[in-house]
Ligand code: AMP
Ligand code: MG
């Protein structure tokens, strides 16, 4: 088929194709020209040779790359877009979407390029994308590039979220180049290599529905069902309507995702429908933020002037986005009652999932009637003084662990509050409830779900500033902490501490 680029042909002056030993089977590209445009990544100028900025060995293993990939000059070139990979069939995919609640029409991979799909070590298929490898037919006014700062942020966040147990796309590496990229100021180019079972978004469905390309819509839905949700074909639920079952399954995964985000204090920042994964993965890390102080109204994206995507609004936005997906699937589902029932799976499932996560954070393994009021009181307590979210949960875990040893670390917890009376009242209530639990078990659970390290903006910023000075060690050091966020990592108390004063001057916007 003509849409698949022959990456093995070598023209004069073009770098030799790079072999990886990966087994490729580029199934999305095979859907054809209605879905993808074949094109090769665009090289960065040879005057600015690429260098490694960050690497995830775990993702390399997941893909099945030989361990020496981390020192391969050939792979460095290929993952910067400067040389083709043998077996890949690079394409940009088309999608549309709602941005900030408004229909935005056609979007698409404007700077992401799907290299193809490989077999992977443990999975049935893993797609590999380069982000920042040049313009595509969907770039609109953009340059198809990504800058170093946003690429480091995406790389670290992907791996940090995975380590926290949050469903997410992964990242193999970031490569950089000193080639200039113009944003508000002149920055330098970087490319992230992302990995996921699929990068299909709600927006892919919205695209074909909005154009009334219902045959293409059906082929896409069938592809997603057959590849990722085969149980939808055989279920009796939803009157045996596989497309309604698909919508319900996506609603369920999205509920699980949002419960994870809220519990870990993650703000996505740009929950447009084109950034919503059909597999319920965290996708497209832009102006995201892990909460410092607990503020339900926190807006992490400086471009979000209305606060549409404020932390506490995220669960409702996800529900709104699922309605946009439902609308797109209506030509296939054909029955509004079924579609509504499928979307409402989200409403039933989200509070249950959230409860599950918060119960673990509180160390409550048995269920009691007034656990929910206790949880609400906990969050009210934190909101009252915008108490540091991560530090609170970690110190609470340590306090419970200390109690098991017959010690007390209540003072370290109390120190987080200026007004100690409401805190003491809360602690008394909590300890009464906790006394009905097996406390060694509670302490164990709490220390394994309440991380010591999250990717706060200032930590990422520090690694970025070093990387700009050609010192990549900050990225590697931070990755090592974030890959094991629940471990103590002695000697790294600063990274687990309060943000420094200068952190409040960091502004994160959509510019990336
Ligand atoms: P985002 O806000 O990153 O989710 O991107 C929204 C849309 O803009 C997507 O279609 C992107 O591919 C596209 N886009 C963002 N940045 C660029 C860029 N620098 N060059 C080309 N397209 C871009
Ligand atoms: Mg996006």
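Here, residue 1 is simply the first one shown, and the rest follow in order.
Yeah, the Cβs are placed from backbone N, Cα and C, and that goes for glycine too.
What TrEMBL says about a protein is an automatic prediction, not a curated fact.
For residue 143 (ATP binding site), the Cβ neighbour count at a 10 Å cut-off comes to 15, with all displayed protein chains included. What TrEMBL records for 108, 110, 111, 131, 143, 144, 194, 201, 284 is ATP binding site.
A sphere of 10 angstroms centred on the C-beta of residue 274 (active site, proton acceptor) encloses 22 other C-beta atoms. Summarising the annotation, TrEMBL assigns active site, proton acceptor to 274.
Annotation note: residue 275 (Mg(2+) binding site) sits in a helical segment as assigned by DSSP. Note on residue 275 (Mg(2+) binding site): other Cβ atoms within 10 Å of its Cβ, all shown chains, come to 21. Taken from TrEMBL, the feature Mg(2+) binding site covers 275, 284.
The ATP site in the record is lined by 108, 110, 111, 131, 143, 144, 194, 201, 284, and its two most distant CA atoms lie 22 Å apart. Spacing of residue 284 (ATP binding site) relative to residue 275 (Mg(2+) binding site) is 6 Å (Cα to Cα, whole number). Reported as a whole number, the C-alpha separation between residue 108 (ATP binding site) and residue 274 (active site, proton acceptor) equals 8 Å.
Sequence-distant neighbours of residue 194 (ATP binding site): residues of the same chain at least 6 apart with a C-beta under 8 Å from its C-beta are 112, 128, 129, 130, 131, 154, 158, 169, 170, 171, 172.
Listed in sequence order, the binding-site residues among 108, 111, 194, 275 whose CB lies under 6 angstroms from an atom of ligand 2 come out as 275. Less than 8 angstroms from the CB of residue 111 (ATP binding site) sit 131, 132, 133, 134, 135, 136, 139, 142, 143, 144, 145, 146, each of them six or more residues away in the same chain. Residue 194 (ATP binding site) falls within a strand segment according to DSSP. Around residue 284 (ATP binding site), a 10 Å sphere centred on its CB holds 22 further CB atoms from the protein chains shown.
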